[in-house]
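The structure under discussion appears below in the form of structure tokens.
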Amino acid sequence: MRISASTVLLGAASAASAASFQNQAQHVLADNFHKAHDAVKPVADSFAHTTLESFEEAFNGMNSQAKALWDEIKLLVPENAFDKPTWFSKPKAAKRRKDWDHVVKGADVQKLWVKGADGEKHREVGGQLDNFNLRVKSVDPSKLGVDKVKQYSGYLDDEENDKHLFYWFFESRNDPKNDPVVLWLNGGPGCSSLTGLFLELGPSSIDKKLRVVSNEYAWNNNASVIFLDQPVNVGYSYSGNAVSNTVAAGKDVYALLTLFFHQFPEYAKQDFHIAGESYAGHYIPVFASEILSHKDRNINLKSVLIGNGLTDPLTQYEHYRPMACGEGGYPAVLSESECRSMDNALPRCQSLIRNCYESGSVWSCVPAAIYCNNQFIGPYQRTGQNVYDIRGKCEDDSNLCYSALGWISDYLNQKDVMDALGVEVEGYESCNFDINRNFLFQGDWMQPFHRLVPGILKEIPVLIYAGDADFICNWLGNKAWSEALEWPGKNGFNKAELEDLSLPKADKEYGKVKSSGNFTFMQIYQAGHMVPMDQPENSLDFLNRWLGGEWFEQ
């Protein structure tokens, strides 16, 4: 989960200042709304020409706490912030290329019919694919040196809505004819999955001199991996329009996978898994549910993995205070008075989230996100401590605490790299904070996507893993929501004992695991938000064991 350093509305008060929330908010908003007032335009299109004052009055159905919070927000927003309507996320400049090795037309795939076991004809794959095309480029491994394996890159095109999602596929280093396929998703919302590729689990990393450094613990050691930049306008992806909620992005991902496996049936017969971290705790339940909803599909989905995710905010936000105040296994970051303030803020935060859960309205969900993020994330950020790793300070404010993100961006902005991958945009950025704010102001942040998990558990196994040094999506909250989830196997899961996780023939454990039915939770020691980066060997171990079915219900 990425928090914009430029907007206090996301809880990102300046780490360099200990001033009060209101003073910081006024300063940040005054500086930023002149150049990016589109980031906080009214969330509903029908109110695009109104001011905060007028659209507030239109929603008498809001509860008193939500109304009060909108009043507070209005005091912080400059009067000219809504002078004219603008798009949330600015379209990226892009130039279409013609040098593709394959173009798969969704309309052609949609026309394919097969005869079922009952003798009746039905479409080979379900879903609406007519408007989608998939473009594929064979990447020459020798040009970039990221890996020696077979690679493909390209775009999924939604021609009707002018959306173009970039992907990069790496074949397994081991046995690609039989090894599973994994889709990897980073979060944000609005952050490129190429971060996961080069910072965490891909075949190579990028050093300070922009050199490619091989990763011996890459997740494609025993699986083929697809890295996807989504939603649109993230990383190398682009559009003239915007995606502002998780559900809309799910249709795109289903189309991409369907067309990819149609073009490459040699990978379609293998087991397929979706893995991701952070805001992918929102994405993955929706994407998996979308795939499973299609009876006729060529996607052999076998499990999902969510690492340090945001999935059930009502339960998870309760655990920011314990994690920041010394109850998560690491020393306290906040003072006793700050911890008491967080305790005092919890009832209001939970009331706002419950109202969001019940109504689903942006007018309830936006205040919940704004209030709770400022009360529970803001105080921590003001200390200068890394929100993604409680063990140290933020080393680079301009690159989400990690200088390596800047190196990755510089590498991916090189012309020879973009040409080798068939990139159509003018440049790359690791995170698009317009998208981040867009999702916030569409009410997506606090939505109860955990409610989809019981339905997924009926079909396939689910793994929740969490590095225990992360603050932003900490292990306490992830363990708590997995135990609070209402599903038929709840009692058995909660009674299951935590067992040691360790490498084969190793005496030292690297975490704990509990599993029952199709549900598994892991706590990974000495790892922050990005577990594969901090514990590369251990993360590859539990990945391979998970893909091998060690904790699957028999």
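Placement of Cβ uses the backbone N, Cα and C atoms for every residue, glycine included.
Look at Swiss-Prot and you will find 1-17 tagged as signal peptide.
Per Swiss-Prot, the feature disulfide bond maps to Cys191-Cys431 (among others). DSSP assigns Cys191 (disulfide bond) to a strand segment in the three-state reduction.
Residues annotated as N-linked glycosylation site in Swiss-Prot: Asn222 (among others). Secondary structure at Asn222 (N-linked glycosylation site), as computed by DSSP, is coil.
The active site annotation in Swiss-Prot covers Ser278 (among others). Within 10 Å of the C-beta atom of Ser278 (active site) sit 27 other C-beta atoms, taking all shown protein chains into account. In this structure, Ser278 (active site) is part of a beta strand by DSSP.
Summarising the annotation, Swiss-Prot assigns disulfide bond to Cys325-Cys339 (among others) and lists similarity to another entry as the type of evidence. Within the same chain, residues at least six positions away from Cys325 (disulfide bond) with a Cβ under 8 Å of its Cβ are Ala332, Val333, Leu334, Cys339, Met342.
If you look up Swiss-Prot, you'll see Cys349-Cys372 (among others) marked as disulfide bond.
Swiss-Prot lists Cys356-Cys365 (among others) with the feature disulfide bond. Sequence-distant contacts of Cys365 (disulfide bond), defined as residues of its own chain at least six apart whose C-beta falls under 8 angstroms from its C-beta, comprise Cys356, Ser359, Gly443, Asp444, Trp445, Met446, Gln447.
The secondary structure of Cys401 (disulfide bond), as reduced to three states from DSSP, is coil rather than helix or strand. Taken from Swiss-Prot, the feature disulfide bond applies to Cys394-Cys401 (among others).
The active site feature in Swiss-Prot is assigned to Asp470 (among others); the stated evidence is sequence analysis. DSSP assigns Asp470 (active site) to coil in the three-state reduction, placing it in neither a helix nor a strand.
Cβ neighbour count for Asn518 (N-linked glycosylation site): 20 (other Cβ atoms within 10 Å of its Cβ, all protein chains included). The N-linked glycosylation site annotation in Swiss-Prot covers Asn518 (among others).
In this structure, His529 (active site) belongs to neither helix nor strand by DSSP; it is coil. Around His529 (active site), a 10 Å sphere centred on its CB holds 28 further CB atoms from the protein chains shown. Here Swiss-Prot flags His529 (among others) as active site, drawing on sequence analysis.
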Item to complete: Provide the number of Cβ atoms within 10 Å of the Cβ of Cys394 (disulfide bond), excluding the reference atom itself.
Response: 20
Practice prompt. Across all the protein chains here, work out how many other Cβ atoms are within 10 Å of the Cβ of Asn222 (N-linked glycosylation site).
Written response: 18
Worksheet item: How many whole Å apart are the CA atoms of Cys431 (disulfide bond) and Ser278 (active site)?
Response: 13
Response to the item:
Expressed in Å to no decimal places, the gap between the Cα atoms of Cys349 (disulfide bond) and His529 (active site) is 23
Worksheet item: Quick one: Cα separation, Cys401 (disulfide bond) versus His529 (active site), in Å?
Response: 12
